[in-house]
Amino acid sequence: MDSNKEKALAAALGQIEKQFGKGSIMRLGDTQSLDIDSIPTGSLSLDIALGIGGLPMGRIVEIFGPESSGKTTLTLEVIAQAQKAGKTCAFIDAEHALDPIYAGKLGVKVDDLLVSQPDTGEQALEICDMLVRSGAVDVIIIDSVAALTPKAEIEGDMGDSHVGLQARLMSQALRKLTGNIKNANCLCIFINQIRMKIGVMFGNPETTTGGNALKFYASVRLDIRRTGAIKDGEEIVGNETRVKVVKNKVAPPFKQADFQILYGEGISKESELIDLGVKCKLIDKSGAWYAYKGDKIGQGKANAMKYLKENTAAAEEIELKLRELLLSHNPPTEIAVAPVVEEFTPSDDELDSLSLSDDI
């Protein structure tokens, strides 16, 4: 760059900083905040699939899937992990279905959890915005987008048509929220439900509720599905679960994680440690026997899981080694993911029209 252009650029940057404040514009190489803070999800394989060891702080995350697929369980596990790190969490329960006893079993400190059960979608999103702007809340869960009913719909009659109201509400709220969330370094997770598009002959007929705005604003989108049942004899004791990272702005996307959710316990950490340990050759498997550091830890996976549950020091050591092995190749910097962010950024009018066209 020639000297005249450099002077012009320096003058422009100085004017911008004078008018909008220091740090309003900067060279990407100048900032020291390229590393993205993250909160573990409670699933080691999902942390690895996300590429940065968990869900990113200062971002919007969408978790969607069919009924009883583990959406709320996964978010409660995130809350439990955040509370272990001393963070403050809030749960906006628009579905009015939060079970505090189940949350406690998953490790959530229920007494410290902020809970709101709003009457309307506007109230829920306003509460969320106020919590974010306070700068004192680190994790906010909205359960769920489908339950964020606009005030006009609640006050109207049952058969009234309210086309596009929820999509317009989400689009307006996210425009306000996204900057505040980044400034407050708060993780905001929206749980969403699946609907079917009518008359789709080709392609995937599934879509999420609330229009398209959330798809654009979310840095991470997770598709969670129940893939099978876990049985103890004839009794079903849990679900085999698969999570696909369908969008990721902080690491390469399209990875997936498989783990077990046990009823009344949550995500089975020991099962993941054994599967990943064998894959990475930290745990030796010979026939039905599993061994760690030359010592046999159990015959059959169930016994090996029992050993790790009783010997937490060994489990923590294996987890630490796995994180070092599997996350060291994915440095948590946004520079590495430039090719991933290829989508266009629509104007407000375009975003509203997109949201309205997809509302159901």
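Including glycine, each Cβ sits where the backbone N, Cα and C put it.
Copied from Swiss-Prot, the annotated features are:
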| type | residues | note |
| --- | --- | --- |
| BINDING | G65, P66, E67, S68, S69, G70, K71, T72 | ATP binding site |
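What Swiss-Prot annotates, mapped onto the structure for a quick look.
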{"residue": "G65", "record": "ATP binding site", "contacts (Cβ under 8 Å, 6+ apart)": "K71, I194, D223, I224, R225"}
{"residue": "P66", "record": "ATP binding site", "contacts (Cβ under 8 Å, 6+ apart)": "I194, R225, R226"}
{"residue": "E67", "record": "ATP binding site", "contacts (Cβ under 8 Å, 6+ apart)": "Q193"}
{"residue": "S68", "record": "ATP binding site", "contacts (Cβ under 8 Å, 6+ apart)": "R226"}
{"residue": "S69", "record": "ATP binding site", "contacts (Cβ under 8 Å, 6+ apart)": "I224, R225, R226, N239, T241"}
{"residue": "G70", "record": "ATP binding site", "contacts (Cβ under 8 Å, 6+ apart)": "I224, R226, N239, T241, I261"}
{"residue": "T72", "record": "ATP binding site", "contacts (Cβ under 8 Å, 6+ apart)": "A97, L98, D143, I191"}
Reduced DSSP assignment, S68 (ATP binding site): coil
Residues flanking the ATP site, with Cβ no more than 8 Å from the Cβ centroid of G65, P66, E67, S68, S69, G70, K71, T72 and excluding those residues themselves: I224, R226
K71 (ATP binding site): tally of other CB atoms within 10 A of its CB: 21
